[in-house]
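Enquirer: Below is one structure. I have some questions about it.
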Amino acid sequence: MGKKIKIAKQEKKGTKEKVWIVIALISMAVYIGWRLFFTIPDHNVYGWLATICGICLAVSETISMLEGTEHFARLGKKSEPDMPVVPFGWYPDVDILIATHNEETELLYKTVNGCRHMDYPDKSKVHIYICDDGNRPEMAELSKKMRVGYFGLADNKEAKAGNLNHAIGKTTSPWIVTFDSDMIPTHNFLMETVPYIFLPRMKKKKDGSWEERTEEEKNEKYKIGFIQTPQSFYNPDMFQYNFFSESRIPNEQDFFFREINVGRNNANAPIYAGSNTLISREALEAVGGIATGTITEDFETGIKIQAKGYSCYAVDKTLAHGLAPTDIDNLIKQRVRWGRGCITSLRRTNLLFNPHIKLNAKISYLACWMYWWTFFRRFIYIVSPILFILFGIPVVICSLKELIFIWLPSYVLYNQALKVTSGAIRNKRWSNTVDTVIFPYMIIPVLLETLFIRQKKFNVTSKRRDIVRRSDIMLAIPQMILLVFDAVALVMAVAGALRTQNYGAAVIIYWLVLNAQHLIMALFFMSGRRNLRTTDRFYAEVPVEISYQGKQYYGLTCDFSETGLAVLCDKSIYMPHGEEQMSIKIKTDRYKAKLDAKCVHVQKKGDKWKYGIQITGMDGTDKDEYFQILYDRDHSLAKTMSPSVSMIDDIFLNVQRRSAHTKNSKRQLPRIELNRTMETADGKSIRVLNCNYEYLLVEASGELPDKMELRIPGTETVMKCVKTGQKAGLYYLDNWKELLFCDAFEQLFALSEAKENKVS
């Protein structure tokens, strides 16, 4: 058989970027050599405590350098396979396994609904199953209602792995897709992943077209193990939400799935993340199914599949969206589970001495292990300048000249190289902020797991969400204490520098300022942010048709959710806001739905009217289609770092937004400024100020009658007005329902709006 043909396209960095990386690596090597051999405090001079602290800092920096080197190596030469074009008749049977433990049926409904709407040449080859290790009657009923398969499992001893293995044993398709209970696939998930399984069979010609390999060109050892797509989220993650940065920073996991994991392709070491994955049944059978006895069964299963010689790929295609953790407690538990599981799985797979894992892959997985020690390193970086300034414990022995000519070039070049390789998804400062938020709760679990002290019980990440999010400021006590010490040290360092004119103190001052910023952001994070919504809004323009009392109006959504829509209309229209309802038709190029609704608030937006609409009813196909309109799309959250993301901007934004008081609009009818004189039935002139279809306000001058009839200028149409007594000059339109669709009434508003818009 022929040798494996390299088909992955290389997203190579340009010469300029490569130069930055090479220079950065050289300067880092010089810096680390200098740190290890010339700057650690001598215990005979400074004492053992200073020596130990100095060694800890130097080792932390060395590990950071090694991690950075691996990072540059992967991202400097990212590889992602081209997707073959294959005949529809080749597409195989696929089993869709949706794992659930204790999640609500409504959450599973959305995921199953998304799966049922996935495109495929022959949909009879797509087999969808709810895999329920709670063996719940309501889940069995949901699967029956949605016409999908159901595997109930009682007394499951092996958690998610046992649940999936149970389902795998009862199905037969050669390819399997695994989804977590909250991960809703887009319609093109299968069409954008399944073709990759034919890479061993297909080759790309120079003209860009694809053709089947000859028998001599095929390599029987070249087999696809799995295709991993990103785990994306339709709601803001905790960092986006608590920092008021939904439009400023990407989801915290985007950097891993869209950059790091794709970069691991060239080592055949992309991580199987357990969801949003197309995986080979043959590969699973070769490794004995999903790994059991570990809390990161997906991570370990991926390593075993790669060790069996299967080629695996991560692709930067967002094809499913799920629900990110919405409370800090669950976020911390999730990261502890990942950290402990990673360490255990690397040990169980005998990573260092496993002859079936290639050196390149071993280095990539060692980087995974090193990552979980980031949190201990973050602690070292925070306390080191504090120890020196407050307690006189030197951690680095060097001169100002050495700092300028060795540390400074290394620091600048490393950050520049990181910038050119990491793209616009993440920068070093935000990585440090994230690590500062959670490091107090990661150090001990990672240390214990490394010492073989395992946690016996773990809970799955909750998918429930509270309407009002509580503050978890008590969790920030470690950061509070460190911030106090850091602030005192900063004052002392500045005072000492001014007193002695010691310019070398600028480095310590800069170090303390950076640490203070990260600690302040951690306090902001833990203080939380009030959440008044039970469902997430999606920002998109979709045409809608509004029907009420036989008349149709048209508008565009500016956002929508499971429970409501915000619609922009070119002119004011009356929408029912009480017991009455209206009908709304919403349509995209793929889906359409009819909803019952009512208006809950309205406000003027420039020359348009924005209506907040509450959905009061939708059933059957309409609900299925509407939920697809919501979820079968790219989310509207940030995908790259905003140019405005800076240290000062971050703090200023959080202070500003946390001190602001939001006033919600309660107006349910559009108020149109008329500002015109109208005549009563008995010939008196009345200055009408504004009207909202049901009420009008007149100029309160002189004695106003309890009842009056106002004639619309140029017509015989009259408005029957009854004084309310609530406000001077406020009248109720007794015949507003008759006037509602009267041409004269509508024209009155149209002329007034046109005049108002022209003035504005």
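Each position is counted from 1, following the chain as shown.
Backbone N, Cα and C atoms are what each Cβ position is placed from, and that goes for glycine too.
Computed from a predicted structure; not experimentally measured.
Pulled from TrEMBL, these are the listed features:
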- 20-40: transmembrane segment (TRANSMEM)
- 46-66: transmembrane segment (TRANSMEM)
- 175-402: domain 'Glycosyltransferase 2-like' (DOMAIN)
- 379-408: transmembrane segment (TRANSMEM)
- 437-453: transmembrane segment (TRANSMEM)
- 473-497: transmembrane segment (TRANSMEM)
- 503-525: transmembrane segment (TRANSMEM)
- 532-631: domain 'PilZ' (DOMAIN)
Enquirer: Based on DSSP, tally up the residues of the domain 'PilZ' (532-631) by helix, strand and coil.
Expert: 12 helix, 53 strand, 35 coil
Enquirer: Any idea what the model's mean pLDDT is for the domain 'Glycosyltransferase 2-like' (175-402)?
Expert: 96
Enquirer: Using a Cβ cut-off of under 8 Å, list the residues of the same chain at least 6 residues beyond the transmembrane segment (437-453) that approach it.
Expert: 239, 331-332, 335-336, 339-340, 343-344, 372-376, 378-379, 475, 478-479, 521-522, 525-526
Enquirer: How about long-range neighbours of the transmembrane segment (473-497): same chain, 6 or more residues beyond its ends, C-beta under 8 Å?
Expert: 328, 332, 382-383, 385-386, 389-390, 436-437, 440-441, 503, 505-506, 508-509, 512-513, 515-516, 519-520, 522-523, 525-528
Enquirer: Do any residues of this chain, six or more beyond the ends of the transmembrane segment (503-525), have a C-beta under 8 angstroms from a C-beta of it, and if so which?
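Expert: Contacts with the transmembrane segment (503-525): 238-239, 242-243, 328, 381-382, 384-386, 388-389, 399-400, 403, 407, 429, 432-433, 436-437, 473, 476, 479-480, 482-483, 486-487, 489-490, 493-494, 496-497, 647, 650-651, 654, 658.
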Enquirer: Quick test of the contact rule: Cβ under 8 Å, at least six residues beyond the ends. What residues does that give for the transmembrane segment (46-66)?
Expert: 28-29, 31-32, 35-36, 39-40, 370, 373, 376-377, 380-381, 384, 387, 393-397
